[in-house]
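Enquirer: Sharing a structure with you now.
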Amino acid sequence: MTAYLIRNVRVLDGEPTDLLVRDGVVAEVGGGLTAGDATVLDATGLVALPGLVDLHTHLREPGREDAETVESGSRAAALGGYTAVCAMANTSPVADTAGVVEQVWRLGREAGLVDVQPIGAVTVGLAGERLAELGAMADSAARVRIFSDDGHCVADPRLMRRALEYVKAFDGVIAQHAEEPRLTEGAQMHEGEVSTRLGLTGWPAVAEEAIIARDVLLAEHVGSRLHVCHVSTAGSVEVLRQAKARGVRVTAEVTPHHLLLTDERAETYDPVFKVNPPLRTATDVAALRAALAEGVIDVIATDHAPHAVEDKECEWAYARPGMLGLETALSIALDVFGPQWDLIAERMSRAPARIAGLTGQGVDPAPGAPANLTLVDPAARRVIEPAELASRSRNTPYARMTLPGRIVATFLRGEPTVLDGKAVK
Ligand SMILES: [Zn+2]
């Protein structure tokens, strides 16, 4: 195992120092360390962050390997500065048994680029009718702790209650895609002025807010952990604020695209901007940014949703919802919040690692810490070229935009997965 001496790097907001990475851990931190047999990396101007952790990634394998594989998605993640991702269960077959979650987990280990932590489905086949084998998935080699029917809402309140009760025994968490399906039938975009003007069926904010309100009450009643996926409205923020003030065990995430883009993008009729939940208004974006800064929203999660060309480059009404996110998330965070490194580390690494229970992830670089870390050049700017992305899909909403920040290197347990901005394998 090669040792690395990272010279002249700032750890978060600190002064430049040296980091010695050896045997999978940060062995030493301090000025003027001697290299010995270590490979020296000059990191002048770079910032070291704990490796990013994504709570919400769609890797598409098994079933849609034309859109993404565990390996290609892992490589995209590493290039985005991630050292761990949680893989959503809406694969084909659905990850609703110990067999499928173990398959995804094993593929992640074989790729060896990030830790791939499978999320298990809440209900069999994501059909919302009966509970999947949550206990068997928790006891499997994949040690599943997060369960989600993401893509679908667990709409039946009785099932949601039972799922919350079930996972309480092993301190699991139910991650809800909050969408009251009866209120979003046929929806194509956010319900508001723009949808009226375009004549497209709207997805009203209240369809999200109603489910979050119900679920925080259920989680409070059961005393169990709820996580809310991709919060997108100002009203949802208020529901979460009240629930947290009462001490409900609820956490929440927001996506980079909901922090940056608005429903006016639909005016282009470019399906790359079609996503679920939909892009909302500038008022919602402002509320989400404030909630993230305050901690009412705990996490930035990508909802990386690769889609094959035929599922995306078609008429708006027929296009699948979803956008790529792994390779651009840190740049969006920098664009929106500036170089607030402690905030970025908390929302993109420490908090998601805590929620997912990933020991060894989300730990700031310090002596003895597992060497899961990423080096960022905050001064760099880059133009996003879809053809250059490592993902198998091309559906980035940031095509040809110039964004701040570049991931220079990523280390997984002391081994580089990215060096000089390029994937090592
Ligand atoms: Zn979702």
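Cβ coordinates come from backbone N, Cα and C, glycine included.
Among the features that TrEMBL reports, domain 'Dihydroorotase catalytic' is placed at 47-234. Taken from TrEMBL, the feature Zn(2+) 1 binding site covers His56, His58, Asp150, Asp303. The annotation substrate binding site is assigned in TrEMBL to His58, Leu59, Arg60, Asn90, Asn276, His307, Pro321, Gly322. Taken from TrEMBL, the feature Zn(2+) 2 binding site covers Asp150, His177, His230. Feature annotation from TrEMBL assigns active site to Asp303.
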Enquirer: Using CB atoms and a 10 A radius, I'd like the single residue among the binding-site residues Asn90, Asn276 with the highest neighbour count.
Expert: Asn90
Enquirer: For the binding-site residues His58, Leu59, Asp150, His307, Pro321, which sit with their CB under 6 angstroms from an atom of ligand 1?
Expert: Asp150
Enquirer: Looking at the binding-site residues Asp150, Asp303, which one has the fewest other Cβ atoms within 10 Å of its own Cβ?
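Expert: Output over binding-site residues Asp150, Asp303: least Cβ neighbours within 10 Å is Asp150.
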Enquirer: Would you mind reading off the Cα separation of Asn276 (substrate binding site) from His177 (Zn(2+) 2 binding site), to the nearest angstrom?
Expert: 9
Enquirer: For Leu59 (substrate binding site), which of the binding-site residues Asp150, His177, His230, Asp303 has the nearest Cα in space?
Expert: Asp303
Enquirer: Determine which residues of the same chain, besides His56, His58, Asp150, Asp303, have their CB within 8 A of the center of the CB atoms at the recorded Zn(2+) 1 site, and list them by sequence.
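Expert: Sorted by sequence, the hits are Thr57, Met88, Gly151, Cys229, His230, Ala301, Thr302, His304, Ala305.
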Enquirer: Cβ within 8 Å of the Zn(2+) 2 site's Cβ centroid: which residues qualify beyond Asp150, His177, His230?
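Expert: The answer, listed by sequence position, is His56, Met88, Ser148, Gly151, Ala175, Gln176, Ala178, Glu179, Cys229, Asn276, Pro277, Asp303.
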Enquirer: Checking the contact step here: among the binding-site residues His56, Arg60, Asn90, Asp303, His307, Gly322, which have a Cα within 10 Å of the Cα of His230 (Zn(2+) 2 binding site)?
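Expert: Checking Cα-Cα distances against His230 (Zn(2+) 2 binding site), the binding-site residues within 10 Å turn out to be His56, Asp303.
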